[in-house]
C-alpha cells in the first residue's frame, strides 16, 4: 500500500511537470502530436526508472563508502547521460520514425531536469532501492500523462479557431497552466 501511495504521489500529487515544474522543455517542445508525446513519455519512463535504480546503487555502494557523497550531482549526470545514449541507440534501431520525430528532444533527456530531479529527490528523502524505483517510475508516469494530455489539447486547439495573438506558444502555456491548476485537485488525495 505504501508503494502504491508513493507511485500515485509521484504521478499525480507531486507531478514533476505540473507541480514541481521540472522537465518543462520537452513537455512544451514534444507535445505537438500525441504519438511523439507518447514516445517521449515512454523514453523518459525508461530513463527515469533505470536512472533511479542505478543512481541509488551508485550513491549507496560507491559514493557513500568512498565518502564522496558531495559528488552525487556529477555521478547522477553521468548515469543519466549514459542511459540516454543507450535509449537513443535502441530507438534509432527499432523505430526510425519515432527517432526522427523526437529529433533534438531525445538527446535533451540528458539535460531534462526531471530525470536528475528524481535521482536527487530519492537521495534526499533516503528512499530504499524499491522506493527509489517506484518514485522514479511514478514520476515518469506523471510526466507521460502530462505530456500526452497536453498533446491532445494542442491537437484539438489546432483544429479550432482561436485569436491569432494566442496561436502557438501562448495558448500552449495557457493550457499548461490550466492543467497545473487541475492537478492541484489531487493535493488532498494523499496526505
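Cβ coordinates come from backbone N, Cα and C, glycine included.
Nobody curates TrEMBL annotations by hand; they come from automatic prediction.
The following features are taken from TrEMBL:
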type	residues	note
TRANSMEM	6-30	transmembrane segment
TRANSMEM	42-64	transmembrane segment
TRANSMEM	70-91	transmembrane segment
TRANSMEM	98-121	transmembrane segment
TRANSMEM	133-153	transmembrane segment
TRANSMEM	165-186	transmembrane segment
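Taking every recorded stretch in 42-64, 70-91, 98-121, 133-153, 165-186 and counting its Cβ pairs under 8 Å to the transmembrane segment (6-30), the highest total belongs to 133-153. Between the transmembrane segment (165-186) and the stretches 42-64, 98-121, 133-153, it is 133-153 that has the most C-beta pairs under 8 angstroms.
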